[in-house]
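Copied over from Swiss-Prot:
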- 3-166: domain 'EngA-type G 1' (DOMAIN)
- 9-16, 56-60, 118-121: GTP 1 binding site (BINDING)
- 203-376: domain 'EngA-type G 2' (DOMAIN)
- 209-216, 256-260, 321-324: GTP 2 binding site (BINDING)
- 377-461: domain 'KH-like' (DOMAIN)
């Protein structure tokens, strides 16, 4: 079993910075704001070929109220999940009452705990950590996570010996296939497209929407545990959380994202970071669930987010949350508004649910699988060309300057989203209305549901363009005889 290491401490002691160092990513938000990390953030790390899971947690300072109380609960849950705890303190701030309270709790859990004093850059490490011996946790390991100083020593002298003592049994990571594919893509070693099997990889599912529409409640309902901080306050999820899961024998990676606000309202620098994370999560996903609040209706921000999803070419499932408790009259009004404002999204399934009570949630994954299968289905050139020919027979392309646009053949140009490349003459002059007709014809013929489909046009090249008319020897002899005949006749 892969060991789990939790980073625990007061807010702003550098847990996320160390997390990014250990996992060699920038997945955890890092800035000089207390309470920046609100949820457990999981990452994969490695030292000398030994893998471990690192958990970045929200800070605990003993003065929590409101959402901070829930942050503290998330940190305590991380301690329970972990095999070993790295308890981080701030060498510059010195020993604080909250440090003593955390140390007391850790001693009561009897977990292997190592005390790490961060922010020792520019200080005498020996002098800076003296006060922390009062915590009674043994040796102190000074580091400067932002510059990487002392981190390698921490790994070699603390985590590596501990993992060797742990001697984990060889087991197959249930998500190994996902990570192997991820690394192959990072190294440019992905398999040839012909060998690619979309069913062999987890479906990456991003849950997005405006703040406080119920994204984290939906995530927790799907997972069956309180994994993401939920509180009735906009913006309680500031980072994107990647969660492996399995449902009906199919593997998924669930991405719970920060709520997206209007740009004009994003004044907090941290929230700007989160919006970028959300948009990156959409790019990284295979299927996106757009969550809309039934009681607030569709806002311009919902439409902006929808536009980004469509431009990214991601498969889409629209989820209208908080459907419970609405009168029948209000429900009809909401449906009419949806039809009016989302009429251009005719390929996406719409689900009406209550994430809080669970009604309608069970039907979501059928649409997710349908959308993913539609976006990754392989279709041969012969079938695409046949569909194109039928479309042309049903409705001829218009005349352009007195000449009919000629479509020759079609082939697949990519997947997720499906791309159909059509070759022909004068295709650049096709009107948008005919392009939409072709797109809808391909969608209907291929039964593509839940995924956008893109049509690209390529102009057929004239093989004789810019070439001199070179005569063959036979043509040359005929030409000579013709010229002699013309001269004699004169």
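Glycine too: its Cβ is placed from the backbone N, Cα and C atoms.
Mapped onto this structure are the features recorded in Swiss-Prot.
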residue: 9; record: GTP 1 binding site; Cβ neighbours (10 Å): 26
residue: 12; record: GTP 1 binding site; Cβ neighbours (10 Å): 19
residue: 15; record: GTP 1 binding site; Cβ neighbours (10 Å): 30
residue: 57; record: GTP 1 binding site; Cβ neighbours (10 Å): 28
residue: 60; record: GTP 1 binding site; Cβ neighbours (10 Å): 25
residue: 120; record: GTP 1 binding site; Cβ neighbours (10 Å): 24
residue: 209; record: GTP 2 binding site; Cβ neighbours (10 Å): 25
residue: 212; record: GTP 2 binding site; Cβ neighbours (10 Å): 18
residue: 215; record: GTP 2 binding site; Cβ neighbours (10 Å): 29
residue: 323; record: GTP 2 binding site; Cβ neighbours (10 Å): 20
Average pLDDT across the domain 'EngA-type G 1' (3-166), rounded to a whole number: 80
Alpha-carbon distance [residue 212 (GTP 2 binding site); residue 12 (GTP 1 binding site)] in Å: 25
C-alpha spacing of residue 215 (GTP 2 binding site) relative to residue 60 (GTP 1 binding site), in angstrom: 25
From binding-site residues 9, 15, 57, 120, the one whose Cα lies nearest residue 215 (GTP 2 binding site): 57
Between residue 57 (GTP 1 binding site) and residue 323 (GTP 2 binding site): CA-CA distance (Å): 33
Rounded Cα-Cα span from residue 57 (GTP 1 binding site) to residue 212 (GTP 2 binding site), Å: 21
In three-state DSSP terms, the structure that residue 323 (GTP 2 binding site) belongs to: coil
Secondary structure content, the domain 'KH-like' (377-461) (per DSSP, counts of residues): 32 helix, 26 strand, 27 coil
Per DSSP, three-state class assigned to residue 9 (GTP 1 binding site): strand
